[in-house]
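What TrEMBL lists as domain 'Glycosyltransferase RgtA/B/C/D-like' is 51-215. Per TrEMBL, the feature transmembrane segment maps to 76-94, 100-119, 126-144, 164-185, 197-222, 267-283, 295-312, 324-343.
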Amino acid sequence: MRSSGFTLSTVYPNFFSNQIVAAPELLNYQKIKPDSTFKDTISSLMIDDPQHPPLYFLLARGWMSIFGSSITASRFLPALLSLFALPLMYGLALELFGSHFTALLATAFLSLSPIDILYAQTARQYSLLTVFMIGSSYLLLKSIRLNSWLFWGFYSLACTLGLYTHPLFGLTMIAHGAYIVLLSTSSQFNKNTPRLVIKYLIALTITLILFSPWINILVSNFQSAINTTNWTKTPITSGDLIKYWILSFTSLFIDIDFGFNNPWTYLLRLPFGMLIIVALYQVCERTPRMTRQFILTSILVPFVILVLPDLLMGGRRSSITRYLIVCFPGIQLAVTYLFAIHINSGRFSFVDGVHLWRGMLALCLTASLISCSLSADSQTWWSKHISYWNPEIARLVNTVNSPYVVTDQGDNYINFGEIISLSHLLDNDVKFILMSEQPKLSLIPQDSTIFVFKPSVSLQEALQQKGYQLNSLHQQGNLWKLSR
């Protein structure tokens, strides 16, 4: 809807307005709004989602105007954009390790990464974010090595485009800043430190100046950003938080889902978690200081920034895989280095020889291929978070002929997107009863099967006061069946 030019301020009064709407009609909100322009797309983001800068959505709107708004067309754009990350990963690994074999291996890991492929098929900006994360890192290392104003200019441009893609790119920039600070303390760079720091600060200043128009928009509409991201403050147990960390980081190499609470989901990932730990240890022990500091800052700085608020104030920010995406390239580079040094070691030991590590690499890549094939055939995946249960909800609703689904905007103001998402999976005979803040309960027919989907507390109370009973059908998906 963001790319289509609709704004919630115009949609909501007509959407949650005590009306009955067939599920297929709701999909019109994912088509370009008639008589709208690119300016309307920017305006909708400014008003409703200032935490989402406009670059990807402008690209998506242009794409929709040429190829339409079908699911296939919408997903093809991020898939196409994701391809730009591959040569950039090659360049980044080559800058770090100086080995063509290692660079090719890093590119292979990225190209077969289950989670990266998953986001490359998702009609959102995360594949483009990956491009700018990797690209800006490559340009930073290139700028430091060549000490060239031209490459510092390219770095500043990449950072600007990264920020206009997603604010999470700011975590990558903070990691880069931490790397520059550490680098400036290196005795190897004492003579060049002033010029290096000055050029970096100039590039950073230019980036912030170019991004300042959207910073102003974000500050002016800060409350709107808070309202639409409040769900990230929802409490989560420490056990579930750790589970999501395991799922997120190991999904770079394996992503076979037996269910969130199924022990096999985590037992199967245990070797890959250990692989990451060993890789980071090897990076710390065997790489030059510059390489070690770059990889560690690119992983730890964003992760700590996301984790600390969850640990200190509660919430689920660090459980959201798409937020942790800023840490992923560093982990892929570390694991790449681990395999590369052992495969190129020339040792033929049974315990730690070339053949053993080649076999482990083959197993790792095979696990990635299997994971990609499984997720491609699945309607949902653990990374969906809020929408994870929608396919099951749709199956329950579709078992009934001509049912009605009662809902409202919900307590977290996220139901609009959830309803649109669910509509893709529902039969054409399903109808929604979209209630306003003063629900008109007389709209509910007495001779049909009635479901209630993610109701707000006030809607639940209103239904109960009218003598309705809410019988839970799917607790995780917040689906109820209405009866009297």
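Glycine is treated like the rest: Cβ placed from N, Cα and C.
TrEMBL entries are annotated by machine, without manual review.
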Original post:
Is it the case that the transmembrane segment (267-283) and the transmembrane segment (126-144) have 3 or more CB pairs under 8 Å, with pairs at least 6 apart in sequence?
Top reply: no
Subject >> Among 100-119, 126-144, 197-222, 295-312, stretch most in contact with the transmembrane segment (324-343) (C-beta, under 8 angstroms) >> reply: 100-119
Original post:
When each of 76-94, 100-119, 197-222, 295-312 is checked against the transmembrane segment (126-144) for Cβ pairs under 8 Å, which one has the most?
Top reply: 76-94
Subject >> Long-range environment of the transmembrane segment (76-94) - Cβ separation under 8 angstroms, sequence gap at least 6 >> reply: 59-60, 63, 67, 100, 102-107, 110-111, 116, 119-128, 130-131, 134-135, 137-138, 141-142, 329, 332-333, 336
Original post:
What mean pLDDT score does the domain 'Glycosyltransferase RgtA/B/C/D-like' (51-215) have in the model?
Top reply: 93
